[in-house]
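> The substrate binding site feature in Swiss-Prot is assigned to R360. Taken from Swiss-Prot, the feature N6-(pyridoxal phosphate)lysine applies to K209, supported by similarity to another entry. Per Swiss-Prot, the feature N6-acetyllysine maps to K225, K234, K312. Per Swiss-Prot, N6-succinyllysine is recorded for K225, and the stated evidence type is similarity to another entry.
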Amino acid sequence: MASRQLLVAPPEALRKPLCTPHRLLLGPGPSNLPPRVLAAGGLQMIGHMHEEMYQVMDEIKQGIQYAFQTRNALTLAVSGSGHCALETALFNLLEPGDAFLVGANGIWGQRAAEVGERIGARVHPMIKDPGSHYTLQEVEECLAQHKPVLLFLTHGESSTGVLQPLDGFGELCHRYKCLLLVDSVASLGGAPIYMDQQGIDVLYSGSQKALNAPPGTSLISFSDKAKSKIYARKTKPFSFYMDVQLLANIWGCDGKPRMYHHTTPVIGIFALRESLALLVEQGLEKSWQRHREVAQHLYRRLQELGLQLFVKDPALRLPTVTTVIVPASYRWRDIVSYVMHHFGIEITGGLGPSADKVLRIGLLGCNATRENVDRLATALREALQHCAQSQL
């Protein structure tokens with residue numbers, strides 16, 4: 001056998017310990033981790049199929065049911081970010097040829113439409129300008145025209161800062177034999193949502209926003225109507241990894257002995273459990289109130305600086321992610337860079353249809369405090385003094 005030699009030397013960078021900066025993350029996510037969640041990341045590993053792990057998973061299911069306000073048995077966490085939860089929903093609910101109605105008033109509706117197209121669904125996007133929302137009348141007209149099996153709406157559109165009203169949409173969809181799928185990645189814990197009472201058939205969210213857990217896990221729940229559609233599929237879902245019937249088993253949702261499907265992110269699940277425990281300790285209503293009050297404080301401080309909010313109707317503003325019109329004679333990148341380099345605070349620019357139009361400020365979970373707002377206002381005041389472009 002021919003001898004072999006190493007062609008790649010040990011990287012010098014990996015001889016040094018990892019060192020990361022301490023920053024205040026006031027962008028649209030991820031968010032800073034509270035001490036209890038941070039400590040969960042340092043717990044010792046256990047097996048992903050140990051009884052103790054199943055107990056943690058069962059507690060997470062209860063936490064999701066509380067956060068979503070649902071009694072759905074088919075409730076679980078997905079091993080992946082919010083995008084993974086979106087694809088889990090669509091891969092299991094849609095089959096080729098199904099009509100899919102999509103609220104596309106920001107990047108998340110655009111993404112949902114693209115995934116639907118990849119599945120082979122007949123996608124009907126309801127395209128609206130960024131900053132807009134959907135009314136019951138608008139949606140009913142499209143339901144009557146296209147007769148979809150599924151409607152997608154984004155509750156908290158973090159690319160535009162819009163909070164989509166949800167009351168009445170579940171009942172409307174069911175009247176037209178359509179299921180309602182809602183993205184609450186940016187809104188969960190920060191704005192009221194009632195899955196069962198609002199007739200939402202599939203609701204998903206992410207770990208790294210107002211829940212203040214690391215990215216990498218997402219939350220999802222299915223109504224009995226949605227479960228029936230999934231279990232009556234004529235074709236297998238495109239993804240084995242995201243097959244809900246298989247995920248239901250490892251999460252103890254089907255009443256059968258749990259079997260191996262994939263290796264779940266044990267430490268990430270520990271962190272998610274602790275983040276949900278913190279939400280339970282605080283209480284949903286207090287969390288919603290705190291986000292609302294701190295967002296109002298942010299609006300006042302921004303207006304004192306002469307900045308304009310992108311979403312004009314206060315009732316439609318997402319309290320967790322605020323969009324601010326980039327002022328004339330400024331480049332958004334300059335403001336973002338100045339605030340980061342001089343104050344160690346992250347904010348971001350727009351995304352998708354709001355790119356180059358807005359700055360985005362996140363007040364997520366433990367980061368939603370008046371003190372953080374005041375600290376950011378100081379940073380923005382200085383940035384506006386130093387970043388103006390010449391009008392010549």
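Just so it is clear, glycine is given a Cβ too, placed from its N, Cα and C backbone atoms.
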> DSSP secondary structure for K234 (N6-acetyllysine), reduced to helix/strand/coil, please.
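Assignment for K234 (N6-acetyllysine) reads coil.
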> Counting across all protein chains shown, how many other Cβ atoms sit within 10 Å of the Cβ of K312 (N6-acetyllysine)?
9
> Could you find out if DSSP has R360 (substrate binding site) as helix, strand or coil?
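In three-state terms, R360 (substrate binding site) counts as strand.
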> Please name which of the recorded positions listed here, K225, K234, K312, R360, is nearest in space to K209 (N6-(pyridoxal phosphate)lysine), Cα against Cα.
R360
> Expressed to the nearest Å, what is the distance separating K225 (N6-acetyllysine) and K234 (N6-acetyllysine) at their Cα atoms?
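Between the Cα atoms of K225 (N6-acetyllysine) and K234 (N6-acetyllysine), the distance comes to 16 Å.
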> Quiz question: given the recorded positions K209, K225, K234, R360, which has the greatest number of C-beta atoms lying within 10 angstroms of its own C-beta?
K209
